[in-house]
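Trainee: Could you have a look at this structure, given as structure tokens, before my questions?
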Amino acid sequence: MHTMTPLLKKQQAGEKLVMLTAYDYPSAKLAEAGHVDLLLVGDSLGNVILGYDSTIAVTVDDMVHHAKAVRRGAPATFMVVDMPFASYHGSFDRTLEAAARIFQESGADALKLEGAGDILTTIRRLTEAGMPCVAHLGLTPQSVGVLEGFKVQGKSLAAAEQLIADSLAAEQAGAKMLVLECVPHPLAKRVQELLTIPVIGIGAGADVAGQVLVYHDILTYGVGRLPKFVKAYADWNTSGTEAIARYVEDVKNGTFPELAHSFLMDEELIGALYGGFKE
């Protein structure tokens with residue numbers, strides 16, 4: 001298990017923290033090779049891996065399955081795992097069972113929970129039970145129906161003040177980090193100024209401790225239109241489609257496989273296959 005200490009030292013030294021989502025073994029290996037500071041096994045896997053319209057259908061089983069693969073691919077990187085929709089609502093006993101399963105079976109270093117209010121009490125109790133937690137405020141995708149779509153949060157004074165209050169309460173509840181999603185840059189900056197824990201932004205501007213983006217978004221891999229806050233660093237949609245098309249063409253026209261891609265046999269054995277006669 002990894003601790004927050006190296007990450008906090010980087011924050012204190014003024015070094016930005018870099019978080020990236022990962023959902024399987026190869027994405028985790030690439031992320032660790034690229035020297036990201038943290039990995040997030042997000043319930044966004046429901047969208048980008050499983051093809052769901054939202055994260056609502058993602059289960060604890062899904063999170064455990066994918067997080068175990070990520071841990072195998074990136075054993076040296078701090079890994080945060082989302083608690084999926086409805087797994088931390090209702091009785092605390094049920095929440096504890098789900099959290100403990102994810103934590104134990106996946107090798108998670110921290111669990112991420114969306115929302116404020118009663119969720120902060122859950123964060124406090126899980127922390128007391130020995131499971132570090134990350135809070136997630138602003139746009140919370142599991143509650144997007146209540147929030148009336150994917151919209152910037154905290155745009156009014158009242159909403160901004162509530163977000164600040166919730167952020168302070170999250171730190172007081174024991175959250176080790178705070179993810180702020182889709183909030184105005186100046187508001188995110190003010191939140192980071194008021195907190196001692198790292199604020200990791202996604203669509204929250206540059207004046208926070210670090211940034212998180214989705215693996216498939218920065219690589220333009222299997223995704224469509226990108227959100228405003230995403231910067232693409234590759235175009236795997238185009239390069240991947242072109243590569244597959246070339247493979248199809250080579251097989252169809254007989255140029256693949258070539259002799260270099262094939263395994264040979266001794267001529268006598270070949271003759272034996274043809275009853276001793278090779279035409």
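Keep in mind that glycine also has a Cβ here, set from the backbone N, Cα and C atoms.
Feature annotation from Swiss-Prot assigns active site, proton acceptor to Glu181; the stated evidence is sequence analysis. According to Swiss-Prot, the feature Mg(2+) binding site maps to Asp43, Asp82, Glu114. Residues annotated as 3-methyl-2-oxobutanoate binding site in Swiss-Prot, with sequence analysis given as evidence: Asp43, Ser44, Asp82, Lys112.
Describe each of these features in terms of where it is and what it packs against.
Mentor: Annotation note: Glu181 (active site, proton acceptor) sits in a strand segment as assigned by DSSP. Glu181 (active site, proton acceptor) counts 22 other C-beta atoms within 10 Å of its own C-beta, drawing on all protein chains shown.
With a cut-off of 8 Å between CB atoms and residues at least 6 apart in sequence, the same chain places Leu40, Val41, Gly42, Asp43, Met63, Leu111, Lys112 near Asp82 (Mg(2+) binding site), listed in sequence order.
Sequence-distant neighbours of Ser44 (3-methyl-2-oxobutanoate binding site) (same chain, 6+ residues apart, CB-CB distance under 8 A): Thr21, Thr55, Pro141, Val214.
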Trainee: Measuring Cα to Cα, how many Å separate Glu181 (active site, proton acceptor) from Glu114 (Mg(2+) binding site)?
Mentor: 11
Trainee: Given the binding-site residues Asp43, Glu114, and counting only Cβ atoms in the protein chains shown, which has the most within 10 Å of its Cβ?
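Mentor: The residue with the most neighbouring Cβ atoms within 10 Å is Asp43.
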